[in-house]
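Swiss-Prot lists 2-145 with the feature domain 'Clp R', giving sequence analysis as the kind of evidence. Annotation comment: Swiss-Prot describes 5-70 as region 'Repeat 1'. Feature annotation from Swiss-Prot assigns region 'Disordered' to 149-179. Under the heading compositional bias 'Low complexity', Swiss-Prot lists 151-171. Annotated ATP binding site per Swiss-Prot: 232-239, 569-576, in sequence order. Swiss-Prot lists 441-476 with the feature domain 'UVR'.
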C-alpha cells in the first residue's frame with residue numbers, strides 16, 4: 001500500500017501517528033492524517049489548505065473539540081488504521097492513477113480523504129466552513145501549476161501521444177484538443193486568460209485611454225499585419241490599455257470581428273523554463289501557435305515584446321521572433337505587444353522584418369487631470385484593501401506631488417504608488433492590534449505551555465482543566481477579534497493630503513509642511529523670503545517674483561518656460577545665489593537646481609554634450625547632460641552660468657527652449673522645459689564699470705546706478721543677438737553691494753557659523769564694532785561679497801578651530817564674546833570676563 005508513497009507522504013503518516021499518540025488514541029483516523037498534512041508544513045496539500053485559511057492550530061483545536069482525548073492508558077506499538085483511512089489510501093492511489101502520476105503525494109492523500117463523506121476529517125473541514133469541492137478544485141489548480149508538461153504535440157511520453165495528439169491527456173487527465181469549449185492545454189500551461197479575469201472581477205477598472213483603445217481595435221480589425229504594439233515609457237499604462245480591451249470584449253463594446261474573442265497573456269519565461277534539450281522550446285511555441293490557429297478566437301498578448309528577440313535561441317536554434325514572423329505576416333495569429341521606447345529601439349527596430357509586422361501605438365503619460373480621474377476610478381479598490389477612506393484632496397495631492405517631486409518615473413504609475421503607500425502608512429500607524437488582544441494571546445500561549453507541561457508530567461486532571469481554560473480563552477479571543485474587525489470596518493481612517501505629503505517627504509527629504517503649503521501662499525511669501533536670503537538686490541527679486549507669479553497664475557503663455565531671466569552685473573553680488581534660493585523655495589531643495597557651466601561649451605562641437613551625441617558617436621547611449629536631467633526632473637531651475645563664455649552657435653540652441661519650452665535630444669525625444677525656470681548669468685559690462693571706477697561705495701546717487709545700467713545694457717546688446725534678448729522675460733541688472741548690505745551678509749554668515757558651533761556647546765556674541773571691522777577688511781569693489789567668506793575664515797574660524805582642539809575648552813557650555821585687539825579679533829568667555837582663547841594672528845589689511 002505504501003510502496004508508491006513519496007517521502008513527504010510517509011512523513012505525514014509518521015506525524016499523524018504522533019498526533020494520535022498525543023491524543024491518547026489507539027487508532028489512526030482521517031483526522032490524524034489531516035493534522036499530519038498540516039504539521040508537515042510543505043507540499044501541495046499544505047499550500048491548498050493554507051490558501052483556504054486553515055492552519056495547524058485551528059484544525060487541532062477543532063479535532064480536540066470533536067473527539068477529545070482518549071482514556072489515560074499506555075498505548076504500545078503503532079495505532080491501528082481505521083477502515084476509513086484504508087479506504088482513503090485506496091482512493092489516493094486511484095486519484096494518482098487518474099492523474100497519470102506514478103507516485104502518491106500529500107495532494108493525493110488529501111484527495112483520498114475528501115472521498116470519505118462521513119469521516120471526522122471532512123467534518124472538521126465543514127465546521128471550519130471549507131467546502132470539500134473547493135478543496136478539490138484548488139488541488140487541481142495547484143497541480144496544474146506545479147506539474148506543467150509539454151503540450152501534446154511536443155510530449156515524448158509515448159509514441160501514441162506523438163502520433164495522435166488529439167487523444168492525449170493533460171496533467172489533470174482532461175482530453176485535449178477534442179472540443180473547442182474544453183480547456184486549451186498549451187495556452188493554459190503558458191498563459192492566463194485576461195477575459196476570464198474580467199469576468200471574475202480580478203482586474204482593476206481602466207479609466208480613460210479611449211483613443212489608444214480605439215486605435216488598438218482598428219489595427220486588430222485589419223486583414224493583414226493586424227498586430228499592434230504599444231510603445232511607451234515604463235508606468236504609463238500600456239498593460240492597462242490591453243486590460244481595457246478585455247473589459248470591452250466582455251461588455252460587447254467591440255466590433256463583430258472581435259466579439260467572443262479571448263485575450264490570453266503569453267508567459268514567455270514560463271515557456272522557456274525547463275527546456276533542457278534542443279527543439280523543446282520550438283515545440284512549445286509551435287503548440288501554442290497551432291492551438292491559436294485551430295480555435296480562431298484567440299488574441300495573444302506578449303508583455304515586454306522585446307524578449308521574443310533571441311528567446312530560446314541557442315546554437316542552431318531559431319528564436320521566438322523568427323518562428324512567429326510568418327504567422328504574423330499572414331494574419332494566422334493575432335498578437336498584441338507592449339514594450340518601452342528604449343527596448344523597442346534596441347531590439348525591434350534592428351529587425352526590420354519583425355518591425356513591419358507590428359503597427360506602433362505610442363502611449364504618452366496622462367496629464368495631471370487625467371491621472372486624478374484614473375485615481376478616482378481606482379479609489380474604491382485601495383479603500384477596500386487598506387480599510388481606509390481616501391479623500392478627494394488626497395487624490396489631487398497624489399497626482400500633483402508625484403508629478404512635481406517624484407522624478408525618473410511616469411504618471412499614472414507613480415501617483416498610484418504614492419496613494420497606495422499613503423494608505424499603507426495610515427493603516428500601519430493607526431490600526432495596530434489592541435493591547436488587550438495581545439495580552440490575551442500571550443495568556444493563551446502560557447496556558448498552552450502549562451498544559452503541555454502537565455501532560456508531560458502525567459498530571460492529566462490539571463491538563464484537562466488547563467485545556468478547558470484554553471478553550472474559553474480562545475473563544476473570548478475570537479469574540480474580541482470579531483469586535484475589533486467590526487470596529488475597523490465602521491470607523492475607517494481617512495487618507496488625506498497630509499498623509500500623501502508625508503510619503504513624498506520620506507522619498508525626497510523635503511519637509512511635508514512645505515509640500516502641503518498652498519501655491520498661492522508660497523507665491524505671495526516668495527518675495528519676502530528671497531529678500532531675507534539675497535541681500536541688497538530688492539529690484540532683482542521683485543522682477544523675478546513678478547514673472548513667476550504671472551506664469552503660475554496661468555496668465556502667461558503655457559507653452560513657454562515658467563520664467564526666463566538674464567542676470568547681469570558685477571561678480572559676487574548674488575546672481576547664482578538667487579537662482580539657488582529660487583530652487584529651494586519653489587521646488588523644495590538645492591537638488592532642483594541644474595547648473596550648467598557655460599565655460600565647458602566654448603567649442604562649437606560641445607553642443608553635443610548638452611543634447612547628446614549623434615548616433616554612431618561615442619556617448620550616444622548616455623544622452624545629453626542637460627536634456628536627461630530635465631527629462632527626469634521637469635520641475636527645476638536651470639542655471640546657465642556665465643553665458644558669455646559659450647560659443648555663439650551654442651546660444652542658438654536656447655532659442656527653442658525660451659520660445660517653445662522644449663528641446664529635442666539626440667534620440668528624437670522632445671524634452672519639456674515648460675515647468676522649468678531658466679536663469680542665465682553674465683558678467684558682461686563689469687570690466688567697463690571697473691575701469692570707470694563707478695562701483696562700490698563710490699556710488700553717490702540713484703543716477704550713478706542708471707549709468708551702470710546703460711553700460712551693461714550696451715554690452716549685452718553688443719554681445720547677444722536680438723532674437724535671443726527678445727525671448728527673455730526679464731533682463732535683471734544687479735546693483736553693486738553697499739556697506740549696509742555687506743553688514744547683513746556678515747550677520748548671515750555668522751549665524752551659520754554659530755549654528756555649527758552648537759555641536760560643541762559654544763555660542764558667539766559678535767558686537768557691531770567687530771562686524772564693521774570685518775566689513776572693512778572684506779570690502780573689495782571688484783569681487784563683491786566673496787572676500788567676506790575669506791575674512792570670516794581668517795579672523796573668526798581659524799582661532800575658533802584652535803579652541804576646539806584644546807582639551808581644556810571641551811568641559812562645559814560657554815558663550816564667547818569677540819573683541820577687537822589692535823588689528824585682530826580675540827575671544828573671551830562672557831561669564832568669566834577673561835580671555836578664553838588666543839587672539840587671531842595679526843593680518844595686514
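Heads up, the Cβ atoms here are built off N, Cα and C, so glycines get one too.
Take the CB of residue 573 (ATP binding site) and look out to 10 A: across all protein chains shown you find 28 other CB atoms. With a threshold of 8 Å between CB atoms, the same-chain residues lying at least 6 positions outside the domain 'UVR' (441-476) that come near it are 22, 61, 64-65, 69, 72.
Fewest other C-beta atoms within 10 Å: among the binding-site residues 238, 575, that description fits 238. Secondary structure at residue 575 (ATP binding site), taken from DSSP and collapsed to helix, strand or coil, is helix.
Per-class residue totals from DSSP over the domain 'Clp R' (2-145), listed helix then strand then coil: 94 helix, 6 strand, 44 coil. Here the binding-site residues are 234, 236, and the one with the most other Cβ atoms within 10 Å of its Cβ is 236. For the binding-site residues listed here (232, 569), the lowest count of other CB atoms within 10 A around the CB belongs to 232. The 10 Å shell around the Cβ of residue 571 (ATP binding site) contains 17 further Cβ atoms across the protein chains shown. Helix first, then strand, then coil: DSSP counts for the domain 'UVR' (441-476) stand at 33 helix, 0 strand, 3 coil.
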